[in-house]
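What follows is one structure encoded as structure tokens, with my remarks underneath.
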Amino acid sequence: MTVVSCEIQDETVVVSPLYQDDCDEERGDQECSERVVINISGLRFETQLRTLSRFPTTLLGDPRKRMRFFDPLRNEYFFDRNRPSFDAILYYYQSGGKLRRPVNVTMDIFMEEMTFYEIEEEAIDMFKEDEGMIIEVERAMPDNEFQRQLWLLFEYPESSGPARMIAVVSVSVIVISIVIFCLETLPQFREDTSANLPLSNHHTTNGTTLHKKPNLFTDPFFMVETLCIVWFSFEFLVRFLSCPSKPAFFKNAMNSIDILAIAPYFITLGLELAEQQEAGSEQAMSLAILRVIRLVRVFRIFKLSRHSKGLQILGQTLHASISELGLLIFFLLIGVILFSSAVYFAEADDPESGFSSIPAAFWWAVVSMTTVGYGDMCPVTIGGKIVGSMCAIAGVLTIALPVPVIVSNFNYFYHRERNDEETAVYTHVTCGQQNASFGEFKSTSDSRQSLTKSEDTEEDSCETIRLTHFNPFEHYTGKLTDV
């Protein structure tokens, strides 16, 4: 059963709330129970008008929007769209807002179909969460124009040419800082080693020879480090002063890494100034503290992730796979305790065995389960070798289980990044009807290069083709559909 012909006039005045048509009292029940036929590329679906009117802001729920696709000759709505996807679209109206992607429809095609039918954003966000997708959060920008320009320069390198130049300078300074951090540990450059100190730096107190530490301010590595810190501090302050939200700024992990990259220098500087008035034993203690603090400088390498898409994808993959990684560590912990205990009791009768205790066997169990096998500890008895074989096999199986999930997450983030890059390069022509506003009904066939269905019923319907699916003004996302 199809809708009556008077629906053409009635639908222009039927504007529905969320779950009820605004029908007249006399014929409300009759109109709300009317059935409508929807033709999707030759496959007909039949439903009630009140089912579609549950979501009046969507394409099918708004009578004026769907009127553009009404075929008065066949008394149906025609959409040249993907047919398998419409099962889920119609179920969205029937279930009151539930979206379930068909198994034979890819994610990109189903996302295009939801966009075409103007499904509500809240339902799309819930669908993305159910599919395990990360919802893109709109980037906040400062209200002040000058702050906005500074924020774009230092936070988004792809925004302009000067921003790319600043990113190149920042990456260069990071690389120089990491190289200096590594070179200063070479024996020929380590001035804090007593063998390399000149005689003038040795003095004797109460028969004990003390080594006077060279002046840090004359160290060329310290000078280069100072120049790098000047740039890091300038970059950090500019980004902090121009950020749109100060609390959100400190919650960002990358900004915490920036603080860790800058703080060791100032702590080192403070300890160096304090050491000049301390005794020799206190200097040795300060030197030990200083070495621990300098170790934090290695975290500067993570500053490169701000300018590297690959490191960002890796970080997103690890964050999305945190539950799988936790499960992997838990399984490894169980295996380490189990096999270290087994190998200890298997090797207990051998006096030359290196497994003196169960905690001492933890190291062997870890390197065996991870298939590293250093060989510094190995079983010598038959029982110990059997336990070692089982430990290696169990380690391979334990590590292999969560790997496909982690690889799947990496592929998702990698392909999403590639799609975002393609979106910025290519232009898009959709494969369905033009998604114009419902108020555009004037004759624009010459400018839009389209043919509209003739209202003259004497013409042959086969010669009046409606080509409303061509839109040269949208952007191509690199995605294909099967319609």
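For all residues, glycine too, the Cβ spot is worked out from N, Cα and C.
As written in Swiss-Prot, here are the features:
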| type | residues | note |
| --- | --- | --- |
| COMPBIAS | 440-452 | compositional bias 'Polar residues' |
| LIPID | Cys243 | S-palmitoyl cysteine |
| MOD_RES | Tyr426 | phosphotyrosine |
| MOD_RES | Thr430 | phosphothreonine |
| REGION | 440-459 | region 'Disordered' |
| MOTIF | 371-376 | motif 'Selectivity filter' |
| TOPO_DOM | 1-165 | topological domain 'Cytoplasmic' |
| TOPO_DOM | 187-220 | topological domain 'Extracellular' |
| TOPO_DOM | 242-252 | topological domain 'Cytoplasmic' |
| TOPO_DOM | 274-324 | topological domain 'Extracellular' |
| TOPO_DOM | 346-353 | topological domain 'Cytoplasmic' |
| TOPO_DOM | 375-385 | topological domain 'Extracellular' |
| TOPO_DOM | 407-483 | topological domain 'Cytoplasmic' |
| TRANSMEM | 166-186 | transmembrane segment |
| TRANSMEM | 221-241 | transmembrane segment |
| TRANSMEM | 253-273 | transmembrane segment |
| TRANSMEM | 325-345 | transmembrane segment |
| TRANSMEM | 354-374 | transmembrane segment |
| TRANSMEM | 386-406 | transmembrane segment |
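For the topological domain 'Cytoplasmic' (346-353), the list of distant contacts is 379-381, 383-384, 386-387: same-chain residues at least six beyond its ends, Cβ to Cβ under 8 Å.
Long-range Cβ neighbours of Cys243 (S-palmitoyl cysteine) (same chain, at least 6 residues apart, Cβ-Cβ under 8 Å): Pro142, Trp151, Glu155, Phe249. Within the chain, the topological domain 'Cytoplasmic' (242-252) has long-range Cβ neighbours (under 8 A, six or more residues past its boundaries) at 140-143, 147-148, 150-151, 154-155.
Helix, strand and coil residue tallies for the motif 'Selectivity filter' (371-376), in that order: 0 helix, 0 strand, 6 coil [DSSP]. Confidence across the motif 'Selectivity filter' (371-376), taken as the mean pLDDT and rounded to a whole number, stands at 81.
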